[in-house]
Amino acid sequence: MCIFDARDFVVLHLLRIIILSATLSLLTFTSGSTASSSENRYSLKGLNSESYAELGDINIGAFLSVTTYPVGFICSKVIRTEMYILQYMEAIAFAVRLINDDQTLLPNITLGFVMLDYCRTPNTALAQALSFLPIDVVETDSTTCGVPTPGPSDDNPTLVARSNFTSLQETTLGSTVSSNSVSQYDVVGVLGPQGSTSTVPVSILFSVAQIPIVSYMATSDELSSPLLHPYFLRVVPPDKHQVVAMLTFITEKGWSYISVIYGDNSYGDRAYYNIRQLSPEYGICIATAHSVDLKTNFNDILDNLLRYKNARVVILFIETDATLKLMAACDQAGVKNHFIWIGSDSISDKTLVRGQYWDYLHGAFTFMYYSQRVSQFETYFSKLRPGQTTNPWFDAYWEYQTGCQFAEGNCLLQRSIQNFEELKVSSSVSLVIDSVFTFGFAIHKLLNDICPSIVGQEARVCIKGDQLLSYMLNLTFQGFTGKIAFDANGDLIGKYEIRQMSYDNESLADTDTDRRGNLLEIPIAYFESKSGTITYTDRPIFWKHLSLPSSATQLPSEETNDVIPESLCSKPCAVGEFKIQKELPCCWECRKCRDNERLANKNTSCAACFKFTWPDPKTNFTTCTPIPLTSTSISDTFSIIVVCIAVVAIVSQGLTVVTYLYYREHRVIKAASRELSILQMVAIFVGYVTVILLQMTPTNSVCAVIYFMFCLSFTWLYSPMIVKAVRIYRIFSNSSKSNRRPRFVSPQSQLVMAGLLIVVQVCLCVATYVLYRPAAKLTQPIQVEKFVELSCDMTLPGLASFLTYNLFLVSLCSVLAFKTRKLPDNFNESRFTSMCVSTTMVIWLAFVPTYFTASREHIRVLLLSAALLINHSVALVFLFCPKLYAAVYVTSDTVAVSRFHTNNGSSMTTQIPVVSNRVAPANVDS
């Protein structure tokens with residue numbers, strides 16, 4: 001890949017100037033004797049000396065590439081088969097005649113022209129340019145100025161025998177011309193060579209000679225330099241506008257990955273330089289680029305293009321011959337319908353006329369500077385016949401177009417004439433005609449200002465190159481193409497026509513090759529250089545000829561029903577993915593962010609969302625939004641079940657309380673301390689209510705109430721239980737030693753002791769609440785999971801203090817229940833106390849690890865609710881149901897077995913009638 005910058009072009013320009021200066025000096029030295037002759041000719045071999053000339057009072061020159069490439073700088077005698085060459089020649093003659101026929105333009109002065117063949121190379125173009133140098137540039141002793149120099153023949157200066165030329169249908173007649181001399185013509189300006197490569201050296205030469213040069217085809221940006229090409233103007237916009245048009249079109253189609261093939265010449269090098277400079281502004285990356293000439297191995301070029309298959313769009317800034325060689329390589333490799341060719345103006349209007357590789361050019365886009373059909377010229381051109389024009393190349397083109405031979409005498413038959421009349425005229429002739437009129441209007445205005453009364457050949461003396469250039473740069477007129485006006489660099493700010501190559505009958509393009517017709521360039525859009533916008537025509541763009549991937553981009557319905565193929569290095573990342581940038585800006589890898597991460601740094605990295613937030617798909621995961629809360633609610637299914645169970649438990653407890661109050665005077669009830677039992681009843685009720693509160697949506701107030709009720713419900717339950725156990729133990733332990741009643745066993749004393757135990761718990765709860773303040777809290781158990789819970793946070797210190805104190809009370813109850821295991825069977829409450837506290841220990845030993853290892857707060861709430869329900873229900877069953885059973889079903893005179901210890905440590909068993917204090921039926925011996 002060749003890389004150029006601005007300094008490289010400056011160096012190339014300087015080298016060209018040095019070479020040109022040396023060339024001029026050498027020519028002056030070696031041909032001085034002939035130059036001073038009356039015929040004013042150089043002696044150079046290999047040039048075609050024929051010219052198409054009609055000389056006038058004032059003349060303009062023109063370069064056209066009539067014949068094919070020379071061999072060893074020796075011009076051939078084989079004409080190019082592109083018919084637009086003939087049309088350009090006749091358009092120049094037509095424009096000159098229009099000016100001469102217009103009495104308001106250059107009145108009393110005849111404009112003439114001289115056209116020379118430059119054989120398609122810059123070398124021969126520079127050599128032919130010597131024919132237009134002023135006499136005084138190369139003749140140091142000449143004093144004549146402004147006198148037209150005769151052409152090759154004094155008798156007939158413009159007519160050349162047709163036998164010297166042939167079409168491609170015949171072999172070349174000779175490798176050299178008959179004369180080595182270079183004729184001299186006096187011209188005030190020149191229509192430049194068609195190609196930019198040939199125009200550059202000619203323009204540099206004519207800048208020294210102060211001869212204005214106008215081009216209708218040379219578009220290289222190099223020619224915009226007023227320093228190196230001060231005498232160059234053109235009626236077409238420079239390539240930098242064409243590059244902008246191409247890149248704009250590419251961007252609008254969603255393509256961002258392209259390849260470039262450009263000519264190894266001024267035209268191609270500068271175009272690629274502009275593409276490389278401007279493409280980043282359009283978000284376009286260049287996959288590969290190649291500088292080519294006709295000696296390039298295009299098979300290797302195609303292989304390289306195929307290495308970058310994703311870069312389906314290929315810009316071609318190359319000449320027609322190079323384009324056809326590339327298509328030949330595609331044909332040889334069987335590569336068809338893959339690449340999207342975008343050709344420059346050097347391809348448009350020129351490639352299709354060759355009639356080759358249409359299947360591979362089908363669907364290609366071309367960009368052509370804007371031009372319009374000239375109906376007057378089309379009529380004029382269709383009426384041209386052999387013998388009616390002094391154009392020495394006309395007969396050879398007639399033979400080629402009509403398929404006749406003058407030697408066989410069949411070229412004037414009606415069939416031949418019809419073939420010629422059906423020839424399509426290129427719209428580019430409007431630019432040729434406008435180039436001629438640029439000279440016509442500028443010369444007219446100059447003469448009106450400087451020499452208003454001069455006529456005939458004397459007008460030539462008034463025209464100086466620098467003055468004419470000034471008038472041309474300030475010229476504005478309405479030409480056949482449109483408004484013609486030049487900027488300070490001699491460029492025209494025009495527009496481009498975007499075309500697509502399609503068949504006459506596009507619907508049969510792939511199915512019926514015989515009926516599909518010819519391949520044509522159909523305008524599909526126009527690009528305005530001034531505004532930088534593209535306006536599409538009614539003709540839809542078609543894509544069906546291309547092989548399309550499954551992920552092709554859908555077009556808007558108003559454009560066409562086809563799909564646009566992709567030309568991307570990397571596809572856009574999916575929603576939630578970030579880009580890992582590669583070397584080219586258009587190439588990247590897509591990686592998915594974690595579920596809890598948003599896109600950051602312009603989608604090139606990920607950043608974790610703050611706690612309790614989640615990437616928002618509405619903003620394409622570039623921002624985070626709060627996660628919807630999940631919390632317990634009284635309307636949840638599990639909550640409803642738990643509440644129902646709690647209500648049933650409360651109802652059961654209510655029935656127990658009612659029954660308990662009904663039998664409150666029973667000895668069993670009284671022996672169990674009614675006051676402490678009522679306190680335990682309240683504790684069980686508070687526990688059931690706490691279960692219901694746990695199902696409510698957490699708030700700070702609700703959490704505070706739950707915490708206090710939860711702690712106190714346990715303390716209220718187990719404090720009376722331990723007081724009862726201590727009382728029973730003391731009574732029966734003291735009875736074996738003394739008949740005196742122990743102190744502090746009265747109901748009042750028991751309430752005080754139970755109250756003191758409860759106060760301890762209250763103090764612990766208050767201290768914990770003040771220090772750690774249990775409240776509603778948000779929790780996100782797993783950071784990469786979109787789940788946030790609102791729950792009551794009892795805090796670890798709060799739960800630890802509560803569990804430690806209450807388990808301590810339960811443990812004491814267990815110890816005391818064990819110590820009172822040998823009480824008389826008619827006072828067997830200690831057994832149920834032992835069963836209650838044992839069950840409680842099992843429940844809470846199972847609850848603690850399960851609670852703290854649960855990952856979801858609602859599961860913890862469920863576990864806590866279940867533990868409360870089971871714990872308090874067990875207490876209800878073991879502490880109260882046996883007493884109620886005894887109160888209802890066991891009579892007071894039942895004989896019970898009494899087993900107790902005497903003072904000497906022995907035991908005795910008797911059957912005595914007593915009022916039973918037991919809480920369950922005794923085992924009575926029969």
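Backbone N, Cα and C define each Cβ position, glycine as well.
As the structure is a computational prediction, the values presented were derived from the model and not from experiment.
What TrEMBL records for this protein:
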type	residues	note
TRANSMEM	638-663	transmembrane segment
DOMAIN	638-889	domain 'G-protein coupled receptors family 3 profile'
TRANSMEM	675-694	transmembrane segment
TRANSMEM	706-729	transmembrane segment
TRANSMEM	750-772	transmembrane segment
TRANSMEM	799-820	transmembrane segment
TRANSMEM	832-852	transmembrane segment
TRANSMEM	858-881	transmembrane segment
Selected stretch (most C-beta pairs under 8 A with the transmembrane segment (799-820)) from 638-663, 675-694, 706-729, 750-772, 858-881: 706-729
Rounded mean pLDDT for the residues that make up the domain 'G-protein coupled receptors family 3 profile' (638-889): 83
Highest-contact recorded stretch vs the transmembrane segment (858-881), from 638-663, 675-694, 706-729, 750-772, CB pairs under 8 Å: 675-694
Same-chain residues near the transmembrane segment (750-772), Cβ under 8 Å, at least 6 residues beyond its ends: 673, 675-676, 679, 704, 707-708, 711-712, 714-716, 719-720, 722-724, 726-727, 744, 795, 797-798, 801-802, 805-806, 809
